[in-house]
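**Q** Attaching a single structure in structure tokens format; questions to follow.
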Amino acid sequence: MSNSISEKKRATMNTYNRFPVRMVRGKGSKVWDEQDNQYLDYTSGIATCNLGHVPDYVHGQVKEQLDLLWHCSNLYEIPNQEKLSELLSINSVLDQVFFCNSGAEANEAAIKLAKKYAKDQGNSERTEIVTFKQSFHGRTGTTMAATAQEKIHQGFTPLTPGFRYLPFNDFNSLKEINDGKTTAVLVEIIQGEGGVRPVNSDWLKELDKICKDNDILLMLDEVQTGIGRTGTLFAYEQYDVEPDVITLAKGLGSGVPIGATLAKENVAASFQPGSHGSTFGGNPLAATAGVATMENMVQEGFLEEVQEKSSWLNEELLQLQKSYEVIEEVRGNGFLIGIELSEQVGTWINKFREKGILVLAAGVNVLRILPPLTTTKEELNRFIMTFKEILSETEGTTS
Ligand SMILES: *Cc1c(COP(=O)(O)O)cnc(C)c1O
């Protein structure tokens, strides 16, 4: 593959280590670069293109909307925004929705909501939100502070105050939550960026109980796990818990930027005109993409097929683990899969790309596999065959 990107200084800020590949189009599980090389995209644009690239139904709906109205501000009713709110509330235990444009903003809204809720309840001494080690909640000033990873804070102090970090999945520290200062906990069901670490279901249940008993809000960051990624529309459905707030973004618009904060009615009531807002949030174009995406997700049999395909993939990966020592662990749920290796994954990601498959890292030694939910058995098989090939090649060169 030729490295076509010149050495001259880019006009774009250097916030990402970009691979020397220039993507120009996509369809289904595939993307193509400028030289027309085809790749199987098992990153889904980082858990975003859950229906694959340019999915037909969403494409049709957005194209129709493009001819009608793109934006009009939230000072007017937006029919598709209301429709998307209804779809989200009917299909979840939450009642009302606030729309924004990204995961970080969805968490910002949740954090503001939690603070306001405490004050509205007469608990103005409750100013803290508990988050967990290795979490990831976004890159804005406040969500970066909510993110309990030092490397993300580096250079950006002073941090927004009001966050307390506890160890993830640790039963002992749960009792520290109810110290009279906590208004909410914010937690991922699978820590995506933090290494694909699933929550312990008993721990989450215990956390939920402590929250319920003490009027502390249970807020689930489902920005990565939501919208079918784990085989159910929301990952929390697979646990015996009832969140007060969930946040969504990545998969919600099939790649059209949109974020959402869903809350129980009594919590949502803390937002009134003037409390919060977003110019673009849930605009006609983004809301249309959201409605079409949701309609696709809740179609009879769609998620069952995701469960079936993802268990097949999981089985195959567990088989590989038995044959290759370099695979330490296979974890995750549905199509959010982490493969922990006994070495750094950088070269592995490059090997996959050289063989036409895009995969991600989650930390230094975890490969993160995020196939589109619509991926075919044939594509899954190709992924497994390619992984086997790389494993065999690598085994020859190491040990
Ligand atoms: C990606 C992600 C975010 C941040 O989303 P942005 O759209 O990049 O702001 C927040 N939380 C989780 C769990 C994520 O995976």
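Just so you know, glycine gets a Cβ as well, placed from its N, Cα and C.
Below are the features listed in TrEMBL for this protein:
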- G103, A104, F136, D221, E222, V223, Q224, T279: pyridoxal 5'-phosphate binding site (BINDING)
- R139, S278: N(2)-acetyl-L-ornithine binding site (BINDING)
- K250: N6-(pyridoxal phosphate)lysine (MOD_RES)
**Q** A 10 Å Cβ contact count, applied to the binding-site residues A104, V223: which residue has the minimum?
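**A** The binding-site residues A104, V223 were compared, and A104 has the fewest Cβ atoms within 10 Å.
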**Q** Neighbour count, 10 Å Cβ-Cβ cut-off, for G103 (pyridoxal 5'-phosphate binding site): what number do you get?
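**A** Within a 10 Å radius of the Cβ of G103 (pyridoxal 5'-phosphate binding site) lie 28 other Cβ atoms.
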**Q** How many Å separate the Cα atoms of F136 (pyridoxal 5'-phosphate binding site) and K250 (N6-(pyridoxal phosphate)lysine)?
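**A** Approximately 14 Å lies between the Cα of F136 (pyridoxal 5'-phosphate binding site) and that of K250 (N6-(pyridoxal phosphate)lysine).
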**Q** Taking the binding-site residues E222, S278, T279, which residues show a Cβ-atom distance to ligand 1 below 6 Å?
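**A** Near the molecule: none at all.
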**Q** Do any of R139, K250, S278 (recorded positions) have a CA within 10 A of V223 (pyridoxal 5'-phosphate binding site), and if so which?
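**A** Of everything listed, what lies within 10 Å of V223 (pyridoxal 5'-phosphate binding site) (Cα to Cα) is K250.
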**Q** Given the recorded positions R139, K250, which one has the fewest other C-beta atoms within 10 angstroms of its C-beta?
**A** R139
**Q** Near Q224 (pyridoxal 5'-phosphate binding site), meaning Cα within 10 Å, which of R139, K250, S278 (recorded positions)?
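**A** Hits: K250.
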**Q** Could you say which of the binding-site residues Q224, S278, T279 has its Cβ with the most other Cβ atoms inside 10 Å?
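**A** Sorting the candidates by Cβ neighbours within 10 Å, the top entry is Q224.
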**Q** Tell me, in order along the sequence, which recorded positions from D221, E222, K250, T279 have their CA within 10 Å of R139 (N(2)-acetyl-L-ornithine binding site).
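**A** Cα filter at 10 Å returns nothing.
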**Q** Return the residues near E222 (pyridoxal 5'-phosphate binding site) by Cβ distance under 8 Å, restricted to its own chain and a separation of at least 6 in sequence.
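**A** Once residues fewer than 6 apart are set aside, E222 (pyridoxal 5'-phosphate binding site) is near E188, I189, F234, A235, Y236, I246, T247, L248.
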**Q** If you draw a 10 Å sphere on the Cβ of F136 (pyridoxal 5'-phosphate binding site), how many other Cβ atoms land inside?
**A** 26
**Q** Given that the record lists G103, A104, F136, D221, E222, V223, Q224, T279 as binding pyridoxal 5'-phosphate, what is the largest C-alpha to C-alpha distance among them, in Å?
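**A** Between the most distant Cα atoms of the pyridoxal 5'-phosphate site, 25 Å.
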**Q** Of the binding-site residues G103, A104, D221, S278, T279, which sits closest to K250 (N6-(pyridoxal phosphate)lysine) by Cα distance?
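**A** Closest by Cα: G103.
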